[in-house]
Amino acid sequence: DDDCGWIMDDCTSDSDCCPNWVCSKTGFVKNICKYEM
């Protein structure tokens, strides 16, 4: 499914992002997808 959020995509929750990616809740990158190491 290519319709998921990659880095710097807006999100409101982790479900808006790709698998293994999370929606940042804090800081400069608040509410964007980031890779969860």
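Backbone N, Cα and C define each Cβ position, glycine as well.
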Swiss-Prot annotation: C18 disulfide-bonded to which of C4, C33?
-> C4
Neighbour tally for C17 (disulfide bond), based on other Cβ positions within 10 Å of its Cβ = 23
Spacing of the two Cα atoms, C11 (disulfide bond) and C33 (disulfide bond), in whole angstrom, works out to 6
